[in-house]
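Annotated features in TrEMBL:
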TRANSMEM  12-33  transmembrane segment
REGION    43-68  region 'Disordered'
COMPBIAS  43-64  compositional bias 'Polar residues'
DOMAIN    79-585  domain 'Neutral/alkaline non-lysosomal ceramidase N-terminal'
BINDING   HIS171, HIS280, GLU517, TYR556  Zn(2+) binding site
ACT_SITE  SER331  active site, nucleophile
DOMAIN    588-754  domain 'Neutral/alkaline non-lysosomal ceramidase C-terminal'
Amino acid sequence: MAKRTFSTLEIFLIFLLVMMTGIMVALLSLLFVTSGTIENHTGLPTTQIPPATQGPTAIQASPTPSTPEPTLFQNFSGYHIGVGRADCTGQVADIILMGYSKTGQNAQGILTRLYSRAFIMAEPDGSSRVVFVSIEIGMVSQRLRLEVLNRLRSKYGSLYRRDNVILSGTHTHSGPAGYFQYSTFVIASEGFSNRTFEYMVAGIMKSIEIAHANMKPGKIFINKGNVDGAQINRSPSSYLWNPQSERARYSSNTDKEMVLLKMVDLNGDDLGLISWFAIHPVSMNNSNHLVNSDNVGYASYLFEQEKNKGYLPGEGPYVAAFASSNLGDVSPNILGPHCINTGESCDNANSTCPIGGPSMCIAMGPGQDMLDSTQIIGRIIYEKAKELYASASQEVTGPLASAHQWVNMTDVTVWLNSTHTAKTCKPALGYSFAAGTIDGFGTLNFTQGTTVGDPLWDSIRDQALGKPSEEIKECQKPKPILLHTGELSKPHPWHPDIVDVQIITLGFLAITAIPGEFTTMSGRRLREAVQEEFATYGMLNMTVVISGLCNVYTHYITTYEEYQAQRYEAASTIYGPHTLSAYIQLFRVLAKAIATDTVANLSSGPEPPFFKNLMAPLIPNTVDRAPVGTTFGDVLQPANPKYRVGEVVEVTFVGANPKNSAENQTHQTFLTVEKYEATSATWKIIHNDASWETRFYWHKGLLGHSNATIQWHIPDTAQPGTYRIRYFGHNRKQNFLKPAVILPFESTPSTFDVVTTW
């Protein structure tokens, strides 16, 4: 191997990394309290596990639900169906966005709000029910899941449990971080934000509560169809490592099929939909700083606006969820990877460019910019869903069931055949993890497809974190280990050992809750295995859906063959080369238990921990200040007197930190666009900050000063007339020796006209 040389920039970055590592270790030592920080999420000591945790069907003495159970009408054919949607946005400033792990990609405003969408299905007699929640966040963290389950138990007793509630993240990379408990993610989030965590938990709970309160008799119909022109495989060279005989069974290296559930009441009136389709919500790239729901969120927006006529975005009874699936190696940036400096393709095993290396290799979407690409891809998904929804005629019938286990994924014995076994590994991240992907490359000059470690980086790791054991290095081969996270426990474990495996079934539909990102072929293998297991025990022709990013996040899951290539997805398969085989084995157990009606005999498995005293956010709270002679909300740059359709209205105000609004929620939006109605002499709100036509930018200054800029991109549908833009915010105030308070304010600048011609 040729001796590696380093540029001046790389030497500086290495020095900086060493210094930062030392500082981080010192900070962690100071900021964490490591003794007495593990709690059972029930609030009881770990030795006092309540009966409900012993199996999915066990019943404990439960607290009385705080709301009465709705009376269910029993004499009908179908299911009781409840749908609900609630805001779960959290902070939109002074917090890093979760997904790209790019230092400096902090939230600086909002493009769209984020929502939790809940669906409850119950049998006519109410004997069994299941809950599916799709949440517009990067992924569901274990801490989030445990807290929601705890609050559901406090409110509803044993009605909603770990076995019959699935929480699934859409995987938008433009949502706030800070809601995790394992150290890898806490560090990547630059601390734990209790403000954002509580906002998310409250939003998820509210969506379930709305669905619970609105349950009514109805029917569910299923439809399937291929979505064309929305995705590519971002690791096609890894996909080619799979056996040719297996690849020959499929016409594409991505799963193009969308599975859609249409929900209506007994009168045929629309209630909602759930759609599963494999696509990464990374149309908004890592230069974005506005919180938003990305391409699948835009599809939800279009469908809900179509069905909720007359309502503002985020309002109205109809709920449309576009949930994640086996999206691990699937990109929406359909123009593919090109060297941004030369224009030539860099669709190679290492995603590198001849000049500039991997940092020059970037995949682009179909639009003029990332927001245009987001809307193009989102509309393609929406149009296919609209088509499938209109033609859905196959009714979902049959009993409801659910099965769940907690599993120690670091110690699963995998049966390769009748005589040979293998084991899963303690978690570790490989070198190619640091390289990133064509959707968002890493900060340092790491390369995908790396199968040999670098002595310099190994030395830096060993000095900062200690050496990985021979056991973990051998188990993870051919992955060269960059971070041996499974052997790092200070201040808390760096990755989860205990993960959820879960299946819920509605008649002939099985929803598998995957705690990570399956690649295309991984998803195909799991679906086929679960379907075979159901068939073996008499449940024939089951439709199996992969639901991704559920319950706890464990990075990626590749096939054994893809693992050998060690591109980004394989380097991020933390439990080693046999991870997929272990999951297939575990989900077979759940399928068999449902098919043979032996779910009650399943062991619950080892309960996961719930950590306290997590690292505080690195960005402190500061008092907001308005410049001398001004007050919060004063207009610094007013709107023009007149605009035409297609132009952009822009107003700048004296601002305050938007993260305050995640604590004091006096105002539910940062902005409104309002039209004057002359006939009633009133102002009608036509847009808010959940609208894709608006943008809210926050510009942070020094010593608590800031500006807020609101844009309205006037759509073709805008009617001529008189308009105004309003700004709503909260400022943090603190008097000497008194606790800080957060105060609401609002601003209504002068009006402007929208005309069709000058």
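Backbone N, Cα and C atoms are what each Cβ position is placed from, and that goes for glycine too.
Across the fold, the C-alpha of HIS280 (Zn(2+) binding site) and the C-alpha of the residue listed as 'active site, nucleophile' stand 5 Å from each other.
Straight-line distance linking the Cα atoms of SER331 (active site, nucleophile) and HIS171 (Zn(2+) binding site), rounded to a whole number, equals 12 Å. Within its own chain, TYR556 (Zn(2+) binding site) has GLY328, GLY516, GLU517, PHE518, THR519, TYR568, GLU569, ALA570, SER572, THR573 as residues 6 or more apart in sequence whose C-beta sits under 8 angstroms from its own. Listed in chain order, the extra residues whose Cβ falls within 8 Å of the Cβ center of the Zn(2+) site residues HIS171, HIS280, GLU517, TYR556 are SER324, LEU327, GLY328, VAL330, GLY516, GLY548, LEU549. Cβ environment of HIS171 (Zn(2+) binding site): GLY99, GLY138, MET139, HIS280, PRO281, SER324, LEU327, GLU517, GLY548, LEU549 lie under 8 Å away, each six or more residues apart in the same chain.
Other Cβ atoms within 10 Å of the Cβ of HIS280 (Zn(2+) binding site) number 26 in total over all chains. For the domain 'Neutral/alkaline non-lysosomal ceramidase N-terminal' (79-585), the mean pLDDT of the prediction comes to 97. Considering other CB atoms within 10 Å as the measure, the emptiest surroundings among the recorded positions SER331, GLU517 are those of SER331.
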